[in-house]
């Protein structure tokens with residue numbers, strides 16, 4: 001079992017920022033990634049539909065005998081985590097709890113900002129998880145619906161992105177936060193525009209780092225760290241128009257063109 | 001049959017700009033609209049997937065005994081029209097051919113610009129349809145991937161939209177066009193930003209006007225214009241997060257909150 005791959009899934013290709021971090025922090029692990037590019041984005045969909053789609057992705061990975069599941073999508077983590085844990089016989093690591101833990105450890109003035117898709121922000125999953133651990137923390141949150149398409153277009157340095165970032169983040173900055181949760185796996189691709197909007201005094205917490213640190217801890221505790229020198233990385237999507245290759249390679253940081261396979265759920 | 005409703009469908013809520021025009025130009029007609037909000041957008045998906053989804057929407061409308069089908073989506077018109085015509089026993093009007101006919105009639109200098117989603121532009125459906133009627137026309141086309149989310153966010157007057165519009169449209173303007181096809185039903189919501197970017201000398205052709213003029217002609221020829229004074233407008237979507245109500249009402253021009261029903265395909 002310990003040499004089976006890690007299963008990682010997302011609504012689309014944003015979770016590749018987490019996959020990249022797994023390969024960096026856990027270089028002895030094989031992984032299977034699946035992104036539901038035929039039905040992305042999930043951020044504007046209802047809880048019911050997101051849960052239905054998420055369980056189909058989980059089923060795909062479990063049939064491939066993964067040793068654990070990484071929910072590399074904030075919307076799925078916010079809406080469907082308990083349902084996924086119910087059906088999964090293997091450990092499940094999500095992107096929400098590890099990020100919340102890290103943010104609480106990081107903030108000094110007890111003021112945390114949260115940005116994400118409309119689904120993540122409306123669901124208030126980050127707010128509730130933070131308040132559960134420390135009810136005194138002040139939270140300022142804000143949906144940033146244009147950030148996903150802007151990240152996919154590679155507009156980190158574009159003046160339009162800076163304008164939109166400044167507008168979206170004005171309330172968050174006005175709230176005097178010292179820590180900002182990037183509550184969407186796409187947002188690290190806009191880190192410069194976001195950093196410029198919030199200023200140097202604010203620490204950005206993205207999904208990938210804390211999630212993979214937690215994954216490492218879970219695998220170690222359950223004696224599931226691989227000792228197999230033969231690595232295998234597999235990437236599946238549910239639809240592959242030409243654009244997926246370009247955007248996926250941008251998110252993963254290297255060319256995935258011949259490595260992505262299409263699958264029907 | 002003639003008093004049966006018009007069936008109109010789209011990948012999401014953009015087609016409501018066409019529904020609105022039907023109600024304006026054909027005030028005696030009932031209609032059923034369906035938008036596939038659970039799987040929108042189609043513009044970045046493959047032809048195979050778009051065709052599969054489109055035929056499910058067609059089936060939904062045919063089962064409700066519509067007297068004709070209006071394909072109020074450029075991606076579906078470009079990818080799946082022949083398949084839809086194969087299965088449909090009622091007349092089919094798409095958004096592509098009427099717009100092409102109108103653009104060819106409009107241009108004086110024989111230079112037409114086409115903007116749309118990545119799917120529509122890559123597919124080259126407008127180029128081919130124009131060239132078929134007049135091979136001498138010069139076409140300059142350009143994908144505008146951020147326009148759909150910007151239209152949905154209601155950013156017609158935003159500086160960021162103007163910057164992006166100017167950038168997207170620079171090649172089109174440089175091509176010396178006198179006519180610009182807005183090859184996506186969302187784009188009329190950004191008409192001011194687009195108009196400002198292209199200047200007053202360029203005539204904008206959107207999907208709704210020419211499509212509904214063609215629909216009127218087809219219904220009249222086939223003796224299918226309604227004589228029933230009892231109108232019924234029905235709106236279906238495949239997923240209804242809170243945001244759909246807001247955006248749909250923006251596109252339709254009046255509040256649809258209590259009028260939209262969710263359906264599973």
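Going from the start of the chain as shown, residues are counted 1 onward.
Every residue, even glycine, has its Cβ placed from backbone N, Cα and C.
What you see is a predicted model, and the numbers here were worked out from it, not measured in a lab.
The feature substrate binding site is assigned by TrEMBL to A:10, A:11, A:42, A:43, A:74, A:75, A:185, A:186. Other C-beta atoms found within 10 angstroms of the C-beta of residue A:75 (substrate binding site) number 31, with every protein chain shown included. The DSSP secondary structure for residue A:75 (substrate binding site) is helix.
Per TrEMBL, the feature active site, proton donor/acceptor maps to A:73 (among others). Sequence-distant neighbours of residue A:73 (active site, proton donor/acceptor) (same chain, six or more apart, CB under 8 Å from its CB) are A:9, A:10, A:11, A:14, A:15, A:42, A:54, A:95, A:185, listed in sequence order.
Reduced to three states, the DSSP call for residue A:184 (active site, proton donor/acceptor) is coil. Annotated active site, proton donor/acceptor per TrEMBL: A:184 (among others), in sequence order.
For the recorded substrate site, residues A:10, A:11, A:42, A:43, A:74, A:75, A:185, A:186 set the reference point as the centre of their Cβ atoms, and the other residues of that chain within 8 Å of it by Cβ are A:12, A:14, A:15, A:40, A:41, A:73, A:76, A:117, A:120, A:148, A:184. Spanning the residues A:10, A:11, A:42, A:43, A:74, A:75, A:185, A:186 that the record associates with binding substrate, the maximal Cα-Cα distance equals 13 Å. In the structure as shown, the Cβ atom of residue A:185 (substrate binding site) sits within 10 Å of 31 other Cβ atoms. Residue environment of residue A:186 (substrate binding site) contains 29 other Cβ atoms, counted within 10 Å of its Cβ in all protein chains. Sorting the binding-site residues A:11, A:74 by the number of other Cβ atoms within 10 Å puts A:74 first.
The CA atom of residue A:75 (substrate binding site) is located 8 Å away from the CA atom of residue A:184 (active site, proton donor/acceptor). Neighbour density for residue A:10 (substrate binding site): within 10 A of its CB lie 32 other CB atoms from the protein chains shown. Taking a C-beta cut-off of under 8 angstroms and a sequence separation of 6 or more, residue A:184 (active site, proton donor/acceptor) has the following same-chain neighbours: A:14, A:43, A:74, A:115, A:116, A:117, A:120, A:144, A:147, A:148, A:207.
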